[in-house]
């Protein structure tokens, strides 16, 4: 058995990635979220596949096909809610995973970090298109508002929007292509995950100290397989509590009304995991400026390795940077709250202040404080 595991061409890859992989001996539970994201992706692909067997991508029957899944298909309700709430768990793990990378300086592994940013954009695109598929009010108007943002692009904007819509409004053609993309993208994500892991295993994992752990490595199995299993059980517990007790907690009641192009919902808003970016978009009165701010709010992650001015990799022993990190976290919570509020006083002002703080923290305050901490090392 030992020989098969180490010599068989396929088994050897698995062995070197998940069994005999040398891992740092001191990585904490914050490193669990990578494997949890893998579990979330597997859950989404499996539940999505079963939903696709019963779903029809047509404007006249899409809404009723989702209702049919919940009412008539064996365990259809649990498959649907696992898929919807599984997306929320996916993003929760994703945000913590990115936060961990920022806190402990994992962004210094630039190839892994950049593939991660591409993954984030791909997952966000997939989730957005998935939200359109039930063809409820928020699905339709969310699709209309977000795709319409592309019309802010000079010269080609309006043509681009009509090209994406496949007509002069969000209609049957849009729904069909969104379903096609929503089906294929998770498999592209799975391929990107393998590239992400490939680059990670080239350098080895970071650790809480941010130091080299080459002198002290332990095998991934059994130590971290058991540790990841505990994290997985807790994730399953949280997901099942959500699915079985309050499946619609994170959804929007408007999406239980079939899409109606003649009636606009009072407050158009995306799912909770996009609210922070939506708040940044809304905080700028100019359309093109808002779109640029929206894209930059995510793309800013790509320049974080360049903005890293500290002599220490991790924030573990940098209390001033820690204060700024948790301020950034609080700021993102505020932006998420603002994104779900109507566009009126005082929410507009709070959103603008939180948006300015978000960019100021990342671009100016964090690099400056890191330089101050470098000076403090000499005291």
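Note that Cβ sites are derived from N, Cα and C of the backbone, with glycine treated the same way.
What you see is a predicted model, and the numbers here were worked out from it, not measured in a lab.
Residues of the same chain lying 6 or more positions beyond the ends of the transmembrane segment (33-53) and with a Cβ under 8 Å from any Cβ of it are 69, 79-80, 82-83, 86-87, 89-90, 93-94, 96-97, 100, 182-183, 186-187, 189-190, 193, 228, 231-232, 235. Among the features that Swiss-Prot reports, transmembrane segment is placed at 33-53 (among others).
The transmembrane segment annotation in Swiss-Prot covers 77-98 (among others). Within the chain, the transmembrane segment (77-98) has long-range Cβ neighbours (under 8 A, six or more residues past its boundaries) at 30, 33-34, 36-37, 40-41, 43-44, 47-48, 50-51, 66, 69-71, 116, 120, 123, 127, 130, 235, 238-239, 242-243, 247, 250-251, 271-273, 301.
The Cβ of residue 83 (heme b b562 binding site) lies under 8 Å from the Cβ of 44, 47, 48, 51, each of these being in the same chain and 6 or more residues away along the sequence. As annotated by Swiss-Prot, heme b b562 binding site applies to 83, 182, with the evidence given as similarity to another entry.
Per Swiss-Prot, heme b b566 binding site is recorded for 97, 196. For residue 97 (heme b b566 binding site), the same-chain residues lying six or more positions away in sequence with a CB closer than 8 A to its CB are 33, 34, 37.
According to Swiss-Prot, the feature transmembrane segment maps to 113-133 (among others), an assignment based on similarity to another entry.
Among the features that Swiss-Prot reports, transmembrane segment is placed at 178-198 (among others), with the record citing similarity to another entry.
Swiss-Prot lists 201 with the feature ubiquinone binding site. Sequence-distant contacts of residue 201 (ubiquinone binding site), defined as residues of its own chain at least six apart whose C-beta falls under 8 angstroms from its C-beta, comprise 16, 17, 21. When secondary structure is read from DSSP and collapsed to three states, residue 201 (ubiquinone binding site) falls in the helix class.
What Swiss-Prot records for 226-246 (among others) is transmembrane segment.
As annotated by Swiss-Prot, transmembrane segment applies to 288-308 (among others). Beyond the ends of the transmembrane segment (288-308), by six or more residues, the same chain brings 98, 102, 105, 107-108, 110, 113-114, 117, 120-121, 124, 149-150, 152-154, 276-278, 280-282, 355, 358-359, 362-363, 366-367, 370 to within a C-beta distance below 8 angstroms of the stretch.
If you look at the transmembrane segment (320-340), the same-chain residues 6 or more away from its ends with a CB under 8 A from one of its CBs are 99, 102-103, 269-270, 272, 274-280, 282, 310, 347, 350-351, 354-355, 357-358, 361-362, 365-366, 369-370, 372-373. As annotated by Swiss-Prot, transmembrane segment applies to 320-340 (among others).
The transmembrane segment feature in Swiss-Prot is assigned to 347-367 (among others).
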Sequence-remote contacts (6 or more beyond its ends) of the transmembrane segment (178-198), Cβ cut-off under 8 Å?
17, 38, 41, 44-45, 48, 52, 55, 57, 112, 115-116, 118-119, 122-123, 125-126, 129-130, 132-133, 143
Report, in whole Å, the straight Cα-to-Cα distance of residue 196 (heme b b566 binding site) from residue 182 (heme b b562 binding site).
21
Once near-sequence residues are set aside, which residues in the chain of residue 196 (heme b b566 binding site), 6 or more away, have Cβ atoms under 8 Å from its Cβ?
112, 115, 116, 119
Residue 182 (heme b b562 binding site) has its Cβ surrounded, within 10 angstroms, by a count of other Cβ atoms equal to 21
